[in-house]
């Protein structure tokens, strides 16, 4: 889709990624832009807030059903606007309650994962179709990169799943309480659309999710991470996965551009601005058998992170077709965790959820594949 600007009444400043058949997709608009759009219709700003609540609180995509909106405005909205989220192409359920949806975004597909817990539910969402970073242990990265997702395709994942939960009225399906940007793609390589989507998640007229319950995970795009700290305050997770540059260069090619020292300095700058997790970052460390899980790696990691306010999330590696890696044994995982604990680090071992349906960390797939455009 072209990025050039288009002009049409009544919302002349729209970028054409907002438009479906010359109509504005309201899922593309945060509250400020929504108000501008409604004013351009000759309406009042508070009507924008009302419609946002219909969209995000009641999951309504039909203007005719917005009963507290006057008829003339509803007719204008039907003429100039639409509410279009990604559509479900396939649903797969795990024996542990995890649900994975393949969602149609144009003629391509992304995957979104619902992870239920006793009193809450986390939705893992994607930010790109595929991924360009080429991390060796991640299945998504092996499939190449196609494009960034639009705002409506990002926020629409939450809307789509929330609508499913709401419409089914299933007792054991909790509403979404947490969102993690840990699905397909590197969020910081789609910074503007990701931040605009987060603003809608945070907005009380949007999903109204607490900043502590929204987590962005990055492999370490340093310039974008610095910008993120100026744009929004949410919980941060960083995919480190190695305690030194030599090893990280091999499994995360982005490290050759932004090394560990640069990354840690950027994290510290972010934490000076963020209050979402009380100034603490989550360090993600996937454990690959006999690659990064030796005793000396645990001590090296502890030394590296000694001055960083953090908690460490140890992730047993999840298999995918064609990979040369293997998951660390339970003994090696527990040994690694024990060393970190003894050295004073708060750490957890991530429980595998959805592994039987290829919905676990690093397993998400673009259905049918995309053209490879991996930059190494």
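Note: Cβ is positioned from N, Cα and C throughout, glycine not excepted.
Taken from TrEMBL, the feature active site, proton acceptor covers 111. As annotated by TrEMBL, active site, S-methylcysteine intermediate applies to 361. The [4Fe-4S] cluster binding site annotation in TrEMBL covers 131, 135, 138. Per TrEMBL, S-adenosyl-L-methionine binding site is recorded for 185, 186, 217, 239, 240, 241, 318. According to TrEMBL, the feature domain 'Radical SAM core' maps to 117-356.
In the three-state DSSP scheme, residue 239 (S-adenosyl-L-methionine binding site) is classed as strand. The recorded positions shown are 111, 131, 135; of these, the one with its CA atom nearest the CA of residue 240 (S-adenosyl-L-methionine binding site) is 135.
Close to residue 239 (S-adenosyl-L-methionine binding site) in the fold, though at least 6 residues off in sequence, lie 135, 217, 218, 219, 220, 252, 284, 286, each with a CB less than 8 Å from its CB.
Cα proximity to residue 318 (S-adenosyl-L-methionine binding site) (within 10 Å) is found for the following recorded positions from 111, 131, 138: 138.
It is 4 Å from the Cα atom of residue 185 (S-adenosyl-L-methionine binding site) to that of residue 131 ([4Fe-4S] cluster binding site). Rounded to a whole number, the C-alpha distance linking the residue listed as 'active site, S-methylcysteine intermediate' with residue 138 ([4Fe-4S] cluster binding site) is 8 angstrom. The average per-residue pLDDT of the prediction over the domain 'Radical SAM core' (117-356) is 94, rounded to a whole number. A C-beta separation below 8 Å, combined with a sequence spacing of at least six in one chain, links residue 186 (S-adenosyl-L-methionine binding site) to 127, 128, 131, 132, 133, 218, 219, 221.
The S-adenosyl-L-methionine-binding residues named in the record, 185, 186, 217, 239, 240, 241, 318, extend over a maximum Cα to Cα distance of 19 Å. Note: the CA-CA distance between residue 241 (S-adenosyl-L-methionine binding site) and residue 138 ([4Fe-4S] cluster binding site) rounds to 12 Å. With respect to Cβ neighbours within 10 Å, the recorded positions 135, 138, 240, 361 differ, and 135 shows the lowest count. DSSP assigns residue 217 (S-adenosyl-L-methionine binding site) to a strand in the three-state reduction.
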